[in-house]
Amino acid sequence: MSKHSQNAISVYAPASMGNVGVGFDLLGAALAPIDGSLLGDKVSISAIATGVEFEQVGPWAHKLPTELTENIVYQCAEFFLDKLQTNTGVKLVLQKNLPVGSGLGSSASSVVAALYALNEHFDKPFDEQALLLLMGEFEGKISGSVHYDNVAPCYLGGMQLMLNTQDKVCAAIPSFKEWYWVVAYPGISLSTAKMRALLPEQYDKGVAIDFGRYLSAFVHASYQQDSKMAIEVLKDVMAEPYRAAAIPGYLDAREALTQLGMLTTGISGSGPTLFSVTDSLEKAQQAKEWLEQHYLTEQGGFAHVCQLDEQGTRRV
Ligand code: HSE
């Protein structure tokens, strides 16, 4: 445990969509732009004599706390050194490529990249499940509550269903390889805690039954590879009805995307990023262009045609 790699390690952790519309807090998917660009944070780690040195760079670093000890990546490093009771130190550099408060699992991406890099650097003191639990705990410090629908797909890739059983946090379910996920981030930031506060404390019995039916039907359809059924039940009865109005332009965009022939559209995580699904690359490109022209309102907004990132977090 005390032996560790002297060479710098660099880790990439992909963006993710929490909820995927149909599975509030219970389903999540990692994203890979089809143009090959990397949509996620990177953390590099190297050994130093003692303590934690930390630097944050990249296009969204200016949105992070200026007090470095408040940064979650710094806190992850302190936790590791404390836990392992090691005398050596680490230097971490966070390349912050994802906008905060975007609905793309930005905090999860930083936490997962950092904990993965630390675990590799110190020769894997934590196994996969233990590391995942740790990732959820640290991400929960930022988002205000522990839910794994971003950290699990970000870490493990693909489409992940949360189980939260005694032995298993989550399991991968089959995805539809022919689907394109067009995601668009308008450029504004929304706090997950505030978007959660918009939801009712209690749900109607009919809504609870619909939620259970849609999610279980979606999982069934995924295993059957029945894309028609999957699209039919990819409906959000838990969050979208209460969050849609708080996301500028969302309802108009959803309507326009339907007119363009997209199969379904929903909110990525707690927004403001939206996702829209199609099995036609041509339609995906048209949707991306429409979103670039009409949904991106602030500097820094972007749209990507994605498929799912099946690899999850990895060394780069
Ligand atoms: N599933 C959570 C929510 C987090 O919708 O509030 C999304 O990133």
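Placed from the backbone N, Cα and C atoms, the Cβ positions cover glycine too.
What TrEMBL annotates here:
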BINDING   PRO99, VAL100, GLY101, SER102, GLY103, LEU104, GLY105, SER106, SER107, ALA108, SER109  ATP binding site
DOMAIN    71-158  domain 'GHMP kinase N-terminal'
DOMAIN    240-293  domain 'GHMP kinase C-terminal'
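Model confidence over the domain 'GHMP kinase N-terminal' (71-158) stands at 94, taken as the mean pLDDT rounded to a whole number. Taking each of the binding-site residues PRO99, GLY101, GLY103, GLY105 in turn and counting other Cβ atoms within 10 Å of its Cβ gives the largest count for GLY105. Taking the binding-site residues SER107, SER109 in turn and counting surrounding C-beta atoms within 10 angstroms, the largest count is reached at SER109. Annotated ATP site PRO99, VAL100, GLY101, SER102, GLY103, LEU104, GLY105, SER106, SER107, ALA108, SER109; additional same-chain residues within 8 Å of its Cβ mean position, judged by their own Cβ, are ALA15, LEU98, ASN150, GLY269. The residues of the domain 'GHMP kinase N-terminal' (71-158), classed with DSSP into helix (H, G, I), strand (E, B) and coil, number 51 helix, 7 strand, 30 coil.
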